[in-house]
Amino acid sequence: MAAWSSSPSLRHLLLLRPCLPLRPACLTGSFTGRHRLFSASSSTLTHGDAASTHADADGIVDVNPPRGTRDFPPEDMRLRTWLFDQFREVSRLMAFEEVDFPVLESEALFIRKAGEEITQQLYNFEDKGGRRVVLRPEITPSLARLVIKQGKSVSLPLKWFTIGQCWRYERMTRGRRREHYQWNMDIFGVPKVRAEAELIQAIVLLFQRLGITSSDVGIRVSSRKVLQAVLNMYSIPEHLFTEVCVIVDKLGKMTREEIEKELISTGLSSEAVQGIIDVLSLKSLVKLEEVLGSGVEAVADLKKLFSFADQYGYTDWICFDASVVRGLAYYTGIVFEAFDREGKLRAICGGGRYDRLLSTFGSEDIPACGFGFGDAVIVELLKEKDLLPDMSRQIDDIVFPLDEELEGPASSIASSLRKKGRSVDLVEDKRLKWVFKHAERINASRLILVGNSEWERGMVRVKVLSTREEFEVKAGELE
């Protein structure tokens, strides 16, 4: 096609077009690097809450988010949306249904007396009605609440997933903030190891879709029943089981001497403590069987899971590690967590079986298992492996009227294209030079110019920006 150049009359009109002010007159103040500070009256400050910001006597507001939390400007929001789309697609492939719950829950759902670290990290308070509430620190109790609420109106098994925000007031490290989004997949009503095998396949499937390999990431697998078997060997009372789980979950985070001291403080003998730590140091399922015997349920479950792993084709992703117990008190069977093999990051995700959670809320128990997969650590891993996708903004069309009297036709063209499924940015009151630069910034595919001479003939001029091809087309035939 022939290259396009505007007619003299159009060029003349473009030179006369006014430019918009650089900023609205209602905002006054200064912008200092990444800390944007501004002064605004109560009538013009429309976002946020005075209680959640810090202002001095002059009305200068620090607009950084609270420590440990994040804003999501457009480029970060595109990345978040892309990641959530990956979560949803894997869930769809695994035939799970999406559910959701309020981020504000009853405090009673999360207050347990097992010494769990999470109970010390709650964002909890009393609401204006005198009720104790909490910003949920995890999702599984909310899920259990909904299962109980649904009761017999749903048939088992349930295969549900959700993507929700969680809050914990904890020490921040790389990949750990005080709020994060978490992808949960849970199965209710399947007592056999098949459920865990399905969940691990979902995790592996996500990694594969993201370009992560089994050389990058592994999944450690064990069972709470391993620890239970060891406690039985030393005739340790049942009521100490959960407390011991919480302590030994700190292996790798505390020294062996510190772990031993905490275990002895619960009343365990030195012999029992030594036996627990020795078993939890095992990395071989064969050696575990030698210690516990083949008739132990934990060994049978793990052997079945590794058999499934071979059938699913993810054997190279998983490994046995008896030290994995997970820190939450409600786990009852197989537990697992994904880790980066270079050891630079904290756990990527984790989960396990929790067959007795519902009874802690006064309901009849249903066999269940699930996992939580946060958004923060996986993004750090993708950065580390240079696997983040290009998150540049992309728009199909820019529609630009070359004269004020053509704004109506331009609106009609933009509306028609949007109804056909194309993303359209309708631009007015700019110079043509600015429009071309804008098109480059947002990766627009086409620029559609509505000019007087063309519109008199019912035509518009189209510029394909990737090839610089230009042509006229009837306005009603734009696709």
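Cβ atoms here come from the backbone N, Cα and C positions, even for glycine.
Copied over from TrEMBL:
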type	residues	note
BINDING	E138, I139, T140, R168, Q182, D186, R326, Y330, Y331	L-histidine binding site
DOMAIN	67-401	domain 'Aminoacyl-transfer RNA synthetases class-II family profile'
SIGNAL	1-21	signal peptide
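Structural mapping of features recorded in TrEMBL.
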| residue | record | Cβ neighbours (10 Å) |
| --- | --- | --- |
| E138 | L-histidine binding site | 18 |
| T140 | L-histidine binding site | 22 |
| Q182 | L-histidine binding site | 21 |
| R326 | L-histidine binding site | 20 |
| Y331 | L-histidine binding site | 25 |
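Averaged across the domain 'Aminoacyl-transfer RNA synthetases class-II family profile' (67-401), pLDDT in this predicted model comes to 91. Overall, the recorded L-histidine-binding residues E138, I139, T140, R168, Q182, D186, R326, Y330, Y331 cover a maximum inter-Cα distance of 21 Å.
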